[in-house]
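**Student:** OK, Swiss-Prot features for this one:
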BINDING   ALA11, SER12, GLY13, LYS14, SER15, THR16  ATP binding site
DOMAIN    3-197  domain 'DPCK'
Amino acid sequence: MNIIGLTGGIASGKSTVSRILERLGAVVIDADQLAREAVMPGTSAHRSIVAAFGEGILLPDGAIDRKALGSIIFADSSARKRLEAITHPAIRDLAELRLAELRRSGVPVAVYMAALLIEAGATDRVDEVWVVYVDRETQVRRVMARDGLSRSEAEQRLAAQMPMEEKAARGQVVIDNNGTPEELERRIEEIWAKRFP
């Protein structure tokens, strides 16, 4: 099984790229979805997060309020590191389980989509790193529109992540997503045809 590690900055278009790859025949494992599973009430990660950040980050049903937690971790790098020390091992374990299931089922191409693939040291579990690249201004505009954030809040979130240029330098494949959706789809189809003829 070929495993593509799909990464990119916030609002770079990773989900759009993953949908195109699914259409081409890949099976996608989304680290964000695994993160939601890993911190569900009753899990050890959930208990550790509440112990680290307090009950003020909980919704009435006991689930983690991602927006409240996000406002803490994007404002404080030590808080972000504390959260990542809790969540990354739990996400890694879930990803390994999913990848093992896919290997057993004979899936030819899997995509592990993770915004922090490189930062979390997860590149060793993939065969190739594909980076979805957009320029910073496009990223800021997309984050503001998608998440309803102010420019300064969007800039703060971008500052908390590895710069796009550094991420792109670590990828075996860089997918430019500054153009139209049609251009993006065409680029991915060309890359796919070369990689998986």
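Each Cβ is built from the backbone N, Cα and C atoms, and glycine gets one as well.
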**Student:** Starting from each candidate's C-beta and looking 10 angstroms out, tell me which of the binding-site residues SER12, SER15, THR16 has the most other C-beta atoms.
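**Tutor:** Of the binding-site residues SER12, SER15, THR16, the most buried by Cβ count within 10 Å is SER12.
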**Student:** For GLY13 (ATP binding site), just count the other CB atoms lying within 10 A of its CB, please.
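**Tutor:** There are 22 such Cβ atoms around GLY13 (ATP binding site).
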**Student:** Please identify, from the binding-site residues ALA11, LYS14, the residue with the sparsest Cβ neighbourhood, meaning fewest other Cβ atoms within 10 angstroms.
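**Tutor:** Selected from the binding-site residues ALA11, LYS14 on minimum Cβ neighbours within 10 Å: ALA11.
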